[in-house]
């Protein structure tokens, strides 16, 4: 075919030999496998991958209409990229081996003549002790064989090795025997245990009461002299409404006397004044009648038998004829109230314990 001048000017080439027909992937891989040089293999595969990527970019616009074409192109590109990576790894390994060989050759060439002398001396030593060298080499080989052999052998008279028997796992423990007791029977047993503990608590209760009685007996009993000192301190301080337990105790100067004892004695003294007020015409100061303190202490001496320090006294006048009797009644009433309060507290404690036991049974 003859080209015209216009074709030559426009740079048109009508030679069809330049354009080669596309090859299938299997044929391309067969041709690449025949190439011995890794560098040329990589260049061929890179060129083929570039053509596939160009094709994919062209049909990317029509990927919805041509989904299978896109899938095939992507698979071929991924496969060829994996092949390129494998070839590059082989090339790196070859280069590292070549470099190591070159260094070894350089070291061998640079060895001085002194190495030969040391080699000769070591050779003489080796000749002098040949048995020890053989023994050491044999021991090393045996150790290697033992370490490489994953199975352990047993030594028998015939020098034959057999596998070690597998250890059987221990048998599981037998199941616990089933109890024939019903839940109701278990609850009854728990209830009986609770009752036993409750009876035990009741038996121990009198001991606590006796301990409480002993405490009452150990408390202070107020004598006539102690009453006199108490009333004298009240008169000095200005009466029971003004005086404080600490001030009274400091003025009394009695060994072993505490503020609590003086406080309880003062409270009962004030209570007695409220219950039995004296007529103003009959009231006299303690300075007018010197025997007032003696009569006051005698009339209130019976009140010293209560739980806390007591024996209330009138500070500013005389008592009537029934003062001692009324003070004894007050003492009895207070003792009864304390006993009732102790009994109520113990009953409440028992009730709360019973309620807790019932709740535990229900849970």
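Every residue gets a Cβ built from N, Cα and C, even glycine.
Feature annotation from Swiss-Prot assigns region 'Disordered' to 196-223 (among others).
If you look up Swiss-Prot, you'll see 214-274 marked as domain 'HTH myb-type'.
What Swiss-Prot lists as DNA-binding region is 245-270. For the DNA-binding region (245-270), the model gives a mean pLDDT of 87.
What Swiss-Prot lists as region 'Disordered' is 273-363 (among others).
Annotation comment: Swiss-Prot describes 298-313 as compositional bias 'Low complexity'.
Residues or ranges marked as compositional bias 'Acidic residues' by Swiss-Prot: 328-340.
For 341-363, the entry in Swiss-Prot reads compositional bias 'Basic and acidic residues'.
Residues of the domain 'HTH myb-type' (214-274) grouped by DSSP class, helix first, strand second and coil last, total 43 helix, 0 strand, 18 coil.
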